[in-house]
Amino acid sequence: MNRCWALFLSLCCYLRLVSAEGDPIPEELYEMLSDHSIRSFDDLQRLLHGASVDEDGAELDLNLTRSHSGDELESLSRGRRSLGSPTVAEPAMIAECKTRTEVFEISRRLIDRTNANFLVWPPCVEVQRCSGCCNNRNVQCRPTQVQLRPVQVRKIEIVRKKPTFKKATVTLEDHLACKCETVVAARPVTRTPGSSQDLRAAKTPQTRVTIRTVRVRRPPKGKHRKFKHTHDKKALKETLGA
């Protein structure tokens, strides 16, 4: 019993010394030590062990909170730096006029235009083509050296519900060299009065369309039955005058 009281007094003195030198001791620990439930060294160890576990957990939670808040602030600062800082953006480089690898689709028209009931394998291949931009809109990136390359593909047909494989040859076009060349644009034709085309049109004789009116002659009227047999015109006039 005396040993427990000695340990208790020494612990109180140690706590006072620690509180004077460093962080303050929690009041809960003094309340637990002042309780008469401590009857043995094991009770004191259990009490201190439980208190140390609680303190370690609180310290761990505090450290985690500090670390998470620090990480969040650091990530937030990085995000602001990447979005708002102009030093992150790299200078833009022009896409030079040169040969680049492109994907070329092998269509069925290149193999057989009369039949469409087959498949081509492989469906696409890689070719070298000129691409890029030039310094002026009046020039374009065009190939200056071209090479034709024949390749062999498979033509797969379904005959009587069974696949048949045939070989076919397709000629591919590869660009070996490129250059920015001037594009000759078609100039719009502006006609001015007195131009050569107008003079030619003036010299060309114009055909006049003349409309003729054709009079349709009516058939002669027949003689009356009374004067049908009178052939002498003079006698006929005298008869009519009478």
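Quick reminder: no glycine exception, Cβ is built from N, Cα and C everywhere.
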Going by Swiss-Prot, tell me which one of Cys97, Cys124, Cys178, Cys180 is disulfide-bonded to Cys130.
Cys178
Going by the disulfide annotation in Swiss-Prot, which one of Cys97, Cys124, Cys133 is bonded to Cys141?
Cys97
Which one is it, Cys124, Cys180, that Swiss-Prot ties to Cys134 with a disulfide?
Cys180
Which same-chain residues, if any, lie at least 6 apart from Cys178 (disulfide bond) yet have Cβ under 8 Å of it:
Cys97, Lys98, Thr99, Cys130, Gly132, Cys141, Arg142, Pro143, Thr144
In the three-state scheme derived from DSSP, which category covers Cys130 (disulfide bond)?
strand
Cβ atoms near Cys180 (disulfide bond) (within 10 Å, other residues, all chains):
18
